[in-house]
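Q: Let me begin by handing over the structure; questions about it come next.
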Amino acid sequence: MELPQINQVRRLLIAFVLFLLATLVLSFPFESPGNVRQWHMTSDVKEVAGKSYDYIIVGGGTCGCPLAATLSEKFSVLLVERGGSPYGNPLVIERRNYGIPLLETDKYMSVAQSFISQDGVGNVRGRVLGGSSAINGGFYSRASEEFVCRAGWDKKLVKEAYEWVESKVVFPPFYLSPWQSVAEFSILEAGVLPYNGFSLEHIKGTKISASVFDEFGKRHTSADLLNAGNPKNLTVLINATVKRILFHHSSYRNETRAKGISFMQSNSTLDESHEAYIKEVQNSSLRGDVILAAGALGSPQLLLLSGIGPKEQLRRFNISLVRDIEGVGKGMQDNPCIAVLVDSKPQNRLPDPPQIAGITDDYKIIVEASILPLSSNSTRVNVAAKIAMPISKGVLNLNNTDPRLNPSVRFNYLASENDMEECVKMTKLLYRIARSKSIAFFLGESRQEKLTSADVDLRNFCKKNVRTIYHYHGGCTVGSVVDEHYKVDGIKGLRILDGSTFSESPGTNPMATLLMLGRYQGLKILSERNAVSDSNAKDKTK
């Protein structure tokens, strides 16, 4: 046996021993620190009905939780989440249950809500406090410097916001599972170089990154960041769905302002309605906002239900027009993904979320590997890749006026010839990985038979097998629906902060950047308020 192969075998054996030890540790009960909280959480809508707050945040997901925690440092905050609590739910918290919530969905109450796009591709949305950070693979990796520059963000503040998140819910890998060690070798074997070891940065080559799973295999969702807020100022309402935003129109000022929300118990009937409001202050420039953080499907849907969007669409549903904004629901994208199963049949292996990423030279293809459940007792080993910057775009429209149900969305996967060409390149790379010596060694099988390489066959393969990697975005993009401060065009006191504002998915995946964005924009809003207060104080002393 050659020396590199001996080292590879040795490393795999070490990984396997560490994996067995970690599995043994995980069999003991462990209390997650996220359960220790002081902030108030309730599912009783009557506790909140009729009350006023400085800020109302709709959506307790990846971006909404750090935003709520930050704003609560100085102001009263109501955070409204349509789903329940992640705490005490082993399907959410336990690493060993990775992927199972995506299989066990129902219409109104499951932690993941399934939907099928008009392209015929199945997908899910988070429906739990913590949002998609409660059901995803937990892989944490920052956006590229170029993405930060294009967004026009303050680099120093971005770095501080990332570090704030990382100090609380992000963990370097305690060990690599046997399959992740194999994935690392196989991606390198296929030529995705250089090897970068552990890194949080978005850099070309193969790397290990951090995770929201800790060394005990416990997930730390964005909800854990609420512990960093001021508990006296923070109210979290769960199992409550916002029906629409409430507005006040001033003919004297010729302006429309968001003044609150109408909401209901998530499992109630549509005719139930309660309201909560933004506190009124004498100086309107010091008044807080309604902030939508309901995700790439939820935020454009809620704008439309509230009368903001293309007037022709609103007319079809007899929704009174508040503001005609053509961009609402436009620019929807989902990164096209191809997954290759490398084992010959389902096994009873433990689910295994990704710890390794391969990023090609041009940053256009990103590869990860995982073991995903097919059911509660069977899994498949796969290698998957996504097109990082697709050109094809789609659209979101209303299906109905029930905010609990999915809107209609079409992503137009691979509609662009450029995207199709990238998919062919991506599939060839996946085949090289699937036929690697490392994977053959792991599976104890001879290398897979050479798969077809004719471009025409690969194009058909891409069309038939394109799927989601759950990084969809758009619908309320900056410059189309919101400005650079995430304020909705023409509406006072209304902002949007989530993946719906992105025109591309940052980094290997959006979670790290959405966590950062909640903290970053929270600090920006606090700074704005301080500046206005200081200016008013100076005016009074003149």
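Keep in mind that glycine also has a Cβ here, set from the backbone N, Cα and C atoms.
So TrEMBL says this about it:
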type	residues	note
SIGNAL	1-27	signal peptide
BINDING	Val128, Val242, Gly499	FAD binding site
DOMAIN	295-309	domain 'Glucose-methanol-choline oxidoreductase N-terminal'
DISULFID	Cys423-Cys462	disulfide bond
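Explain the structural surroundings of these features, please.
A: Around the Cβ of Val242 (FAD binding site), 25 further Cβ atoms fall within 10 Å across all displayed protein chains.
Mapped onto DSSP helix, strand and coil, the domain 'Glucose-methanol-choline oxidoreductase N-terminal' (295-309) counts 11 helix, 2 strand, 2 coil.
For Cys462 (disulfide bond), the Cβ neighbour count at a 10 Å cut-off comes to 22, with all displayed protein chains included.
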Q: With FAD as the bound species and Val128, Val242, Gly499 as its recorded binding residues, calculate the greatest Cα-Cα distance and give it in Å as a whole number.
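A: Farthest-apart Cα atoms in Val128, Val242, Gly499 are separated by 18 Å.
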Q: May I ask which of the binding-site residues Val128, Val242, Gly499 is closest to Cys462 (disulfide bond) if we compare their C-alpha atoms?
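A: Minimum Cα distance from Cys462 (disulfide bond) across Val128, Val242, Gly499 lands on Gly499.
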